[in-house]
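Asks: Here it is, the structure in full.
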There are 2 protein chains.
Amino acid sequence: MRSEELGETLLPKRLALPIFASDPLSSVAYATQEILLVLTVGGTAFLYLTPWIAAAVVALMVVVVLSYRQVVHAYPSGGGSYEVVSRNLGANAGLVVAASLLVDYVMTVAVSVASGVDNIISAFPGIADYRVPMAVGFVALLTAMNLRGVRESGKAFAAPTYVFIGAILLMIATGLVRMVFGDAPVAESAAYGVTASHGKDSLAGLALLMLGLRAFASGCTALTGVEAISNGVPAFRAPKSKNAASTMAVMGLTAIVMFIGVTALALVAKVHYVDDPCQLTGIAGDCAAFTQQTVIAQLASAIFGGSSSLLFYLVQAATALVLILAANTAFNGFPLLASILAEHRYLPRQMHTRGDRLAFSNGIIALAVVAGGLLWLYGADVTSLIHLYILGVFTSFTLSQIGMVRHWNRALRTETDPAVRRAALRARVINAFGAATTALVLVIVLITKFTQGAWLAVVAAVLLWLMMRGIRRHYDAVAAELAVDDPQAESARPAQVHGIVLVSKLHRPTLRALGYAEAFRPDTLEALSVAVEKDATEELTRQWDAFGIGVPLKVLDSPYREITRPVVQYVREYRRSTPRDAVAVFIPEYVVGHWWEHLLHNQSALWLKSRLLFTSGVMVISVPWQLSSAPRADHPARRAPGAVRRGEPEQRRKVPEPERL
Amino acid sequence: MRSEELGETLLPKRLALPIFASDPLSSVAYATQEILLVLTVGGTAFLYLTPWIAAAVVALMVVVVLSYRQVVHAYPSGGGSYEVVSRNLGANAGLVVAASLLVDYVMTVAVSVASGVDNIISAFPGIADYRVPMAVGFVALLTAMNLRGVRESGKAFAAPTYVFIGAILLMIATGLVRMVFGDAPVAESAAYGVTASHGKDSLAGLALLMLGLRAFASGCTALTGVEAISNGVPAFRAPKSKNAASTMAVMGLTAIVMFIGVTALALVAKVHYVDDPCQLTGIAGDCAAFTQQTVIAQLASAIFGGSSSLLFYLVQAATALVLILAANTAFNGFPLLASILAEHRYLPRQMHTRGDRLAFSNGIIALAVVAGGLLWLYGADVTSLIHLYILGVFTSFTLSQIGMVRHWNRALRTETDPAVRRAALRARVINAFGAATTALVLVIVLITKFTQGAWLAVVAAVLLWLMMRGIRRHYDAVAAELAVDDPQAESARPAQVHGIVLVSKLHRPTLRALGYAEAFRPDTLEALSVAVEKDATEELTRQWDAFGIGVPLKVLDSPYREITRPVVQYVREYRRSTPRDAVAVFIPEYVVGHWWEHLLHNQSALWLKSRLLFTSGVMVISVPWQLSSAPRADHPARRAPGAVRRGEPEQRRKVPEPERL
């Protein structure tokens, strides 16, 4: 089964890290910013909470990474959260995760692209007016790339992530060195005053707690994408689980270092980042039109010396690129998850068949349309979009950790080897703690984000969940309807077959259809035409005699110049008079090569065919005539998106020989 | 041929007038306004030209109505300008007319709806911000009505036109009576001063002539739709031509009276209507946001006593309604013309087949999309849209009058009866004069409007012309390719037929396909399955033996989990090994009842079918299985748009009995 090819295409760790980590690492570009944005609601008074909130986020990340390392070991097949939850908590809980993940893929595209555009605008403020067109343009570009089947495994896809990591670490290091030498960087926005939002200047008690929780919930965006590696274990080289787990550790460590570094520098450099620019004082011009630089851009500018420095542009370019790549990961993950759901009959079957390119196209286009629509609707505003984001992330975190606890419970019931039991007991503790923690965060996110937009994500996930259950119910009902009770009785064949060849003109396709119909030797055979235009019908009957065609020609009247109805009625009456027989309708069809030729041919044949098929006991036979424009060879198959991260082999096959007619 | 029904559905003159005249009469609502708008470019200095320009428009209308009365007599078949020009000046000239008319139908919708909305806004200024959504909404409403097949023959469609005529005539009469009694109406805008556009306050010589010509070209919008009756002669009661000609005369007279009346009152009431509201002085508030009332609204308000008067609202409602009806006429005319063009193979065949509802749906939707797009693009601004409008009208006027001159030349060559010759000679003089006049107007319109937007209409018409010629060329090439040279040699039938039944599961549709295939008794028969999932394939082979199915089952490997490619390759190799035989592939298909079920079933069957048909010597046999959701009866036919004005009989037929399975 071509398995010898498998080894070649598997990912070494140095390639797996950038491919799976562009999504979680790129969150660094907006997590700190979102924390600051929430805390500045009360002027600069509450910024003292930042380190505590950052510490909580880091602790949470440690818990989640440790928890998912257990998933990687327990489920090396790479099914990810959906598989873990379906197997351990049942199909309905699995569907909740699936719906959350589908929503999250959409949000990954929207948030990453919006943040990427934000960072480009921070480097080139002149193009701030084109925020939405740029964002939609990037979505369109990613869609086109994925529809064309561009592979993501290459070094071209790995390089930006390393450049991003390098650039951010260099920035952090430079900032720290400057601090040590007493030349601490100062952000441009440090000069701006920050006024509190109305009535938010003195919070205490519950209100202060809520503010802290909101800031924490926003900071949790740093965790998005952390689970990606657990879906991609089969793509790693052996020992798969071990390599995946260590890659995950490296990724977690890198993310934590970058997040702490950026947050610390933002505090040192006194970056002021607010929800509403009109909270800022001391800015030039109209506050409503003022465009804030992203936190990353403010830091790069402060540390590397403003917008004249090459390194500033490098940081911005790497950040924007890695964010666009993070969006691309959703274009790989979404159709893959859809394919698994389709295999389980929760989505239309055609999303499953892997080899056919079309299977993934629908998923890619659906993702692009919804994400593009959200970007347009929310004006590509990162903060608004993030409110919709992390609910799904933490739903799937929580459910999969609960599922893992069940998994270990079950394993412990049968396991007797003390070493394995010890490992399982330890893993259960980790996952139970992970479940409790992420469940708590989920509640926090729900409370603090629901009214700010997260309700929309909830509604979308619920609708998806209902739709997937409905589709499954439909497939089950059809399967029951089609199940065979009595093979002997139900395979009774018709007594006789009556052949009818539909004729409009006496041209080559008609002659071929007549020849094929005769070759079949049906019990009776006649040709059928509809008299739509008098002249044409007379010409047809004249030629019929002149050509000496042996098959009798019957012409149906059509007072209203229709074709479909007289034919369908004729066939139905035929059926009614001979209910034990079958009717075979031969339809000559053109096969064309260009898409626009479809608009010019075969429309009435298609319509007639679909009407005929509603009649039981009728089969419809397409006898094709290949026009000279029809292609002679198949298209070579393209690789489906996500193949690299699924660890699927390259499809090497020769293009079939062009066929000679 | 159901001809006894014909008499009942033909139109008496009192119904024909409103149905055909809503388009030309409704032009009164904007023609005067457009003249005033051009002339006020130089402040109020050039308004003295108005009576002369109006007189020229009236004279032109007399000439055009007289010319088209000749068309009505000469071509009672109702082909209209396209038929007249095709027959007399050749196919290419006919296509020019057709392209112009198609563009014009679009513009009729856009301009009429925009003007209708304008008149609604004049009555309710508070909704001025919703101009574009309202316009697009009306287009959507008309589209839905026409897709549903609403008949336009009823009194509900005739009443608004009569109410409009009555309301406008009442307004004119009241205005005149008030003038006679020394209480001449004064428009609200009479109080505003008008400043000249930059540098346009003192025009002389050529510039003044150009201004006059521009105003005249704008006033010619009063003539749009005048030819409608010549397309609808078959819908009149006998004597058809005579009734159509006299209806045309009544329509012309009414239009002239209304146009003169409105223009005269506008001058008396000193209506000031300008292109750019900032030319107005003395208005309250921001001039850029100022919404001018339409001329009709200003007159109705001045004559009937402001916006507290019921009659004011009656005039506005009737005007808006008749304009929407005028737009509806294009929804009748466009698919009809498209159908004739399709019959002549200049447009896709499927636009021709009259009885099938689908034939007209494409035309209706195309018209709606383009007209809606233009309304959106031009902000539903009447003046901008009108620049694109009348070029097509006068192209078809001119060419059809030239065609009529040729027609009489030919008739005179053979005619000997002196009375008939005299009539033909007189008609030729009328048409020659009409041709010369409309050609002159065409040149004037081209010169004055080309740079203001008419170029777009020219480009659209040229593209349409090229497309229609290309389609015809394609159909001709295909017809040549399909023509039979040697009936004996080409009707050779294949030596043998190999039957292949495609099997995915062993359910009822598969058993039916196997039974039908056996009934056909092909020379060989086998069942074919693709091993996509190992478990499913094992289950299939197990059941195959258990059920005792006599047909041998062949299972194809599919390392990449595809279905289409292995099957197509297998069939091709089969064909290559037995080139003199034919292969018949039986595919079990589900027939479903709901549109969404199509999304869930048959996708891979459809794709496979389309790939198989590319291989010569292969026929594809759909063996349908009707799911319980599949409908048991046909839908009753709806009447196609434009049937009334074509004089086609009502299609009375009984709905076929639901079929018992």
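Just so it is clear, glycine is given a Cβ too, placed from its N, Cα and C backbone atoms.
TrEMBL feature annotations, pasted as is:
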type     : residues  : note
TRANSMEM : B:45-68   : transmembrane segment
TRANSMEM : B:89-110  : transmembrane segment
TRANSMEM : B:130-150 : transmembrane segment
TRANSMEM : B:162-182 : transmembrane segment
TRANSMEM : B:202-226 : transmembrane segment
TRANSMEM : B:247-269 : transmembrane segment
TRANSMEM : B:310-337 : transmembrane segment
TRANSMEM : B:358-379 : transmembrane segment
TRANSMEM : B:385-408 : transmembrane segment
TRANSMEM : B:429-447 : transmembrane segment
TRANSMEM : B:453-471 : transmembrane segment
REGION   : B:630-661 : region 'Disordered'
COMPBIAS : B:645-661 : compositional bias 'Basic and acidic residues'
Asks: Which sequence positions outside the transmembrane segment (B:429-447), separated from its termini by at least 6 residues, show Cβ-Cβ distances below 8 Å to it?
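Replies: Answer is 60, 63-64, 66-67, 70, 213, 216-217, 220, 390-391, 394-395, 397-398, 401-402, 404-405, 408, 454.
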Asks: Hey, does the transmembrane segment (B:453-471) touch the transmembrane segment (B:202-226), meaning at least 3 C-beta pairs closer than 8 angstroms, sequence gap 6 or more?
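Replies: These two segments do not touch.
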Asks: Should anything in the same chain at least six residues away from the transmembrane segment (B:358-379) have a Cβ under 8 Å from its Cβ atoms, list it; otherwise answer none.
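Replies: 105-107, 109-110, 113-114, 131-132, 135-136, 139-140, 142-143, 146-147, 327, 330-331, 334-335, 338-339, 348, 350-352, 385, 388, 640-642.
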Asks: Counting Cβ pairs closer than 8 Å, which of B:89-110, B:130-150, B:247-269, B:385-408, B:453-471 has the most of them with the transmembrane segment (B:310-337)?
Replies: B:89-110
Asks: Under 8 angstroms, Cβ to Cβ: which one of B:45-68, B:89-110, B:162-182, B:247-269 has the largest number of such pairs with the transmembrane segment (B:385-408)?
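Replies: Looking only at B:45-68, B:89-110, B:162-182, B:247-269, the most contacts with the transmembrane segment (B:385-408) come from B:89-110.
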